[in-house]
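J.: Quick one: structure below, then a few questions.
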């Protein structure tokens with residue numbers, strides 16, 4: 001049921017806004033469900049799992065790994081000391097060969113322990129920590145009495161080295177991930193559609209907040225919208241490429257200062273039949289991707305963002321952000337997201353704009369080049385000179401024929417001479433009634 005506003009007009013409920021496929025910060029809004037053997041697959045690639053996990057979870061995992069290893073080997077050392085009988089000896093018993101406790105007699109010889117000064121589980125745990133971390137206080141140590149204790153010390157040292165190397169490698173890989181470099185790559189909040197070089201174009205702006213370059217930087221864009229095939233198959237996330245200059249190399253950019261990426265809306269564009277009104281009612285999302293290698297690590301990074309139909313401003317352009325100073329160029333990032341409206345931007349689609357240009361305003365023929373124009377002038381002047389020479393020669397012939405001035409034939413000859421046609425002059429000479437005297441004179445000559 002439609003609601004009513006305060007002024008009495010009916011209020012039409014707006015259509016539910018579609019969920020983003022890619023968020024503005026570049027994260028993909030996708031949740032994986034019902035994965036079979038997910039834990040086994042993730043544990044099979046434990047290194048990538050640790051690198052992809054959050055810092056707090058990774059620190060918890062390694063802290064638990066160290067604690068478990070210390071407890072395990074501490075329990076192992078305690079068991080060795082327990083079964084060897086080291087825990088039953090009194091701490092005050094003198095060592096073998098020591099002075100007597102009293103009476104001047106020989107002191108009883110105490111059995112040599114496997115681990116010196118380990119009288120309980122706490123002592124065994126401390127010895128385990130000292131062994132794995134190579135602290136080496138020197139108070140507790142293993143004797144040659146128990147080979148099993150020696151083997152346990154060797155195994156714990158190897159396990160400690162493995163855990164340390166794995167932890168250091170994972171932390172370094174996580175810190176050097178190019179994903180964090182994408183945090184300093186910036187996309188404009190809005191995309192715009194306006195006329196550039198006589199054609200409607202979709203434009204958005206990208207920038208690099210660091211002075212270090214992105215090597216081999218290039219951009220891509222895809223339009224994502226629901227699509228129904230001719231067979232009735234529904235595709236909720238159909239992807240269409242938006243050409244940003246792949247064929248002529250405009251997709252490769254030198255990202256030192258902010259650059260406006262341009263998609264020309266032509267016949268191959270999914271936006272070709274979309275005008276301003278259709279844009280306001282369409283349900284689509286444009287995903288923009290910037291890829292390149294980090295200059296410091298040579299690792300590939302990717303920054304992503306997206307624009308919904310409501311985030312595309314029709315008839316707007318971006319404000320300039322690069323200004324030339326005395327000795328350098330200044331980039332004002334306070335203007336990075338700002339746009340201004342362009343008056344006179346057509347509200348029709350690119351198809352309608354192209355058809356109107358063809359039917360109403362045909363393109364004028366291309367002007368001749370300067371070289372052709374000069375040749376044409378030279379040819380015209382040469383033809384005029386030839387016409388003047390032919391006219392002079394015809395006048396001399398007419399004077400030799402002895403025509404009477406003012407006669408009709410002479411007037412016709414003069415007109416033909418002025419016209420400059422040699423063939424007409426010959427036909428006129430053949431039709432003139434020449435007298436016998438003149439003819440004989442010509443023949444005699």
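Count begins at 1; order follows the chain as displayed.
Placed from the backbone N, Cα and C atoms, the Cβ positions cover glycine too.
Residues or ranges marked as intramembrane segment by Swiss-Prot on the basis of similarity to another entry: 121-132, 133-139. Residues or ranges marked as region 'Val/Gly/Ala/Pro stretch' by Swiss-Prot: 91-111. Look at Swiss-Prot and you will find 134-139 tagged as motif 'Selectivity filter'. Residues annotated as topological domain 'Cytoplasmic' in Swiss-Prot: 1-55, 171-445. Taken from Swiss-Prot, the feature topological domain 'Extracellular' covers 81-120, 140-148, and the record attributes it to similarity to another entry. The transmembrane segment annotation in Swiss-Prot covers 56-80, 149-170, and the record cites similarity to another entry as its basis.
Describe each of these features in terms of where it is and what it packs against.
T.: When Cβ-Cβ distances below 8 Å are used as the criterion, the motif 'Selectivity filter' (134-139) is approached by residues 116-117, 157, 160 of the same chain, each at least six residues removed from its ends.
Taking the topological domain 'Extracellular' (140-148) as a whole, pLDDT averages 88 in the prediction.
Away from its own ends, the transmembrane segment (56-80) comes close to residues 50, 114-115, 118, 120-121, 124-129, 131-132, 146, 148-149, 152, 155-156, 159-160, 163, 167, 170-171, 174 of its chain (Cβ-Cβ under 8 Å, at least six residues beyond either end).
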J.: What counts of helix, strand and coil residues does DSSP assign across the motif 'Selectivity filter' (134-139)?
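T.: Summed over the motif 'Selectivity filter' (134-139), the classes give 0 helix, 0 strand, 6 coil.
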